[in-house]
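Single-structure report; data block below.
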Amino acid sequence: MADNLVIVESPAKAKTIEKYLGKKYKVIASMGHVRDLPRSQMGVDTEDNYEPKYITIRGKGPVVKELKKHAKKAKNVFLASDPDREGEAIAWHLSKILELEDSKENRVVFNEITKDAVKESFKNPREIEMNLVDAQQARRILDRLVGYNISPVLWKKVKKGLSAGRVQSVALRLVIDRENEIRNFKPEEYWTIEGEFRYKKSKFNAKFLHYKNKPFKLKTKKDVEKITTALDGDQFEITNVTKKEKTRNPANPFTTSTLQQEAARKLNFKARKTMMVAQQLYEGIDLKKQGTIGLITYMRTDSTRISDTAKAEAKQYITNKYGESYTSKRKASGKQGDQDAHEAIRPSSTMRTPDDMKSFLTKDQYRLYKLIWERFVASQMAPAILDTVSLDITQGDIKFRANGQTIKFKGFMTLYVETKDDSDSEKENKLPKLEQGDKVTATQIEPAQHYTQPPPRYTEARLVKTLEELKIGRPSTYAPTIDTIQKRNYVKLESKRFVPTELGEIVHEQVKEYFPEIIDVEFTVNMETLLDKIAEGDITWRKVIDGFFSSFKQDVERAEEEMEKIEIKDEPAGEDCEVCGSPMVIKMGRYGKFMACSNFPDCRNTKAIVKSIGVKCPKCNDGDVVERKSKKNRVFYGCSKYPECDFISWDKPIGRDCPKCNQYLVENKKGKTTQVICSNCDYKEAAQK
């Protein structure tokens, strides 16, 4: 029997670590948390200083029994759960269940699961850090008090199965606020004038800039005609040439948030999938003869700090592969994470290149590892150097400007370029070599009419970025928060963008009226700051909870008394039940709308419903536009009020009217190209990506 017992969260992690520690150590998994607040009741005594009532999680009895059996036989028990607040809390709960001494130095932490890192951590065990535990307890108790007080009110007044929470309610608010911006958006007309110019055999484009040495806004066609009629022939002169050298630095290595964003954009991974695959890479991959090794550092972090050892190894790799001129000369500028001295997400060894690892990884593991590896190595490389040139092209009072850039030294861009929404700005645009006084010929002057566009709906990547920018939640909360608002049917995804549902808007309005603090961004940010202060030992967790609950309790009492019961009426489905002949109605279920017999519970007939696209019928303005299929299985769009309304369209209506003729706009797909066009006139615009 091994003298030393080591407890970690997962079997994969246990398997990897046991190989490093040898026969004197037995490593077993707790399978995550073993204790938590009960699901059947509040589990927090608000009359006894918010004392939590922890119980063994249902189904974990056999695990706990096994842990106790091994702990009883071992001389030493080490708690090696993850190196964050959640991991610290798991270690504390294990110590309580196993009745370990509070002052015992039995907590080991490592940021990467490699032989050296694990062995080093066992040389320096420490006591459980209660400040970190208390910060996690405070978050858990806060979320319990909010959820278990608001949810019953929503069940009673709106619909069973609903929930609200500190982070999820703010995320829902962001989606709804953006939708309201789109609904209230009034498009404004504007014009641009682009010129094509020729110098010798070279052609290049430039945009209208100034009239009479001042910016001149082209709001209407009349403004455009003022410029075009002022032009005299096709001869222009280069009146100014500005050349600059621009340095572009690489992006920092990944944090949890930036990894989720970039994986969504480059790999089309959802946040939950990104974290699942990252966990596999962290906990260990079987590299056959090399053994099982964790390929990346811990994946829940808000730090961009990099250890000196990792920097030195990256520098060695870059020098050998690209030459010394490609290594970074910059001093470190990474931010320190709020939770503790974590590192950024990086490969545990730069020398384990994606190509070398490919045969050991699944397709998803390889793609994510390659992304993490390239981002990290690029972060340690020299900046790119761009030569930029700006040309002023003038005729009389009219000035056009052309901007160009070429890459002088690729630096980190040899390996990796961060995805940007404005990716066109990264492309090379060569201009002919021109000097002040040179003459050029305009071969084409092209005015174009445009209309301002509403702000785009949130993609998952953009929502994660906004939550991080606002300091809402923590790295570990982004993925489950986004999952929750979808599972509750508060939002739905359309073309990879979030749209609020009717139910989501109803819940939001009730929470906004009766629990304004819960959806207040500033309140949520302040609460995160207080949780950080608990972790730092500057304030007690009970004081933070009491400061919140004393006013929140009054909000709950007011909501119970004043919130009116909202009846979400069943919509008529427009057809009769084929079982009993009663009218069918449309009901809202966990996974969206479905048809059910109005004679329930006597008749339990249900059936799937045609898919609503969330747009009102542009013909009758009463029904919803629904997706249907023709006899040849081709998708078309019709009105849910059919046959009373015979609206039909092969193209998908988008819920906005044409700014030119006020007819409805549709999304038109031709091959791989999608654009928004008017159903009536020649108006068109780019589709939201």
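Using the three backbone atoms N, Cα and C, a Cβ is placed for every residue, glycine included.
Note on the domain 'Toprim' (3-113): its mean pLDDT in the predicted model is 95. What Swiss-Prot lists as domain 'Toprim' is 3-113, and the listing cites sequence analysis.
Per Swiss-Prot, the feature Mg(2+) binding site maps to E9, D82. Shown in sequence order, A29, S30, M31, G32, S81, D82, G87, I90 are the residues of the chain, 6+ apart in sequence, with a C-beta less than 8 angstroms from the C-beta of E9 (Mg(2+) binding site). The secondary structure of E9 (Mg(2+) binding site), as reduced to three states from DSSP, is coil rather than helix or strand.
The site 'Interaction with DNA' feature in Swiss-Prot is assigned to H33 (among others). Look at H33 (site 'Interaction with DNA'): DSSP puts it in coil. In the shown protein chains, 18 other C-beta atoms lie within 10 A of the C-beta of H33 (site 'Interaction with DNA').
The annotation domain 'Topo IA-type catalytic' is assigned in Swiss-Prot to 129-557 on the grounds of sequence analysis.
Take the CB of R139 (site 'Interaction with DNA') and look out to 10 A: across all protein chains shown you find 24 other CB atoms. Swiss-Prot lists R139 (among others) with the feature site 'Interaction with DNA', giving sequence analysis as the kind of evidence.
A helical conformation is recorded for R140 (site 'Interaction with DNA') in the three-state DSSP classification. What Swiss-Prot records for R140 (among others) is site 'Interaction with DNA', and it gives sequence analysis as the kind of evidence.
For D143 (among others), the entry in Swiss-Prot reads site 'Interaction with DNA'.
Per Swiss-Prot, the feature site 'Interaction with DNA' maps to Y148 (among others). For Y148 (site 'Interaction with DNA'), the same-chain residues that are 6 or more apart in sequence and have a Cβ closer than 8 Å to its Cβ are M42. In the three-state DSSP scheme, Y148 (site 'Interaction with DNA') is classed as helix.
The site 'Interaction with DNA' annotation in Swiss-Prot covers W155 (among others) and is backed by sequence analysis. In three-state terms derived from DSSP, W155 (site 'Interaction with DNA') belongs to a helical segment. Of all Cβ atoms in the shown protein chains, 13 besides its own fall within 10 Å of the Cβ of W155 (site 'Interaction with DNA').
For 163-168, the entry in Swiss-Prot reads region 'Interaction with DNA'. Remote same-chain residues near the region 'Interaction with DNA' (163-168) are listed as 142-143, 146-147, 150-151, 154, 467, 472-473, 477, 481, 484-485, 488, 507, 511, 515, 518, 524, 527 (criterion: CB distance under 8 Å, separation of at least six residues from the stretch ends).
As annotated by Swiss-Prot, active site, O-(5'-phospho-DNA)-tyrosine intermediate applies to Y298. Within its own chain, Y298 (active site, O-(5'-phospho-DNA)-tyrosine intermediate) has D82, P83, D84, N111, E112, Y282, H342, E343, I345 as residues 6 or more apart in sequence whose C-beta sits under 8 angstroms from its own. A coil conformation is recorded for Y298 (active site, O-(5'-phospho-DNA)-tyrosine intermediate) in the three-state DSSP classification, outside any helix or strand.
Counting every protein chain shown, 24 other Cβ atoms lie within 10 Å of the Cβ of R300 (site 'Interaction with DNA'). Per Swiss-Prot, site 'Interaction with DNA' is recorded for R300 (among others).
The feature region 'Disordered' is assigned by Swiss-Prot to 328-357.
What Swiss-Prot lists as site 'Interaction with DNA' is R488 (among others), and the listing cites sequence analysis. According to DSSP, R488 (site 'Interaction with DNA') is assigned to coil rather than to any helix or strand.
Positions annotated as zinc finger by Swiss-Prot: 577-603 (among others).
Residues or ranges marked as zinc finger in Swiss-Prot: 617-645 (among others).
Helix, strand and coil content of the zinc finger (617-645), in residues and according to DSSP, is 0 helix, 11 strand, 18 coil. Long-range neighbours of the zinc finger (617-645) within the same chain, counting only residues 6 or more positions beyond its ends whose Cβ lies under 8 Å from a Cβ of the stretch, are 574, 610-611, 651-653, 657, 663-664, 679.
Counting residue by residue with DSSP, the region 'Interaction with DNA' (163-168) contains 3 helix, 0 strand, 3 coil. Geometry remark: R139 (site 'Interaction with DNA') versus H33 (site 'Interaction with DNA'), CA distance 15 Å. The C-beta environment of D143 (site 'Interaction with DNA'), restricted to residues of the same chain at least 6 apart in sequence and closer than 8 Å, consists of G165, R166.
Taking Cα separation as the measure, R140 (site 'Interaction with DNA') is nearest to H33 of the recorded sites H33, W155, R300, R488. Cα-Cα distance from R300 (site 'Interaction with DNA') to W155 (site 'Interaction with DNA'): 34 Å (rounded to the nearest whole number).
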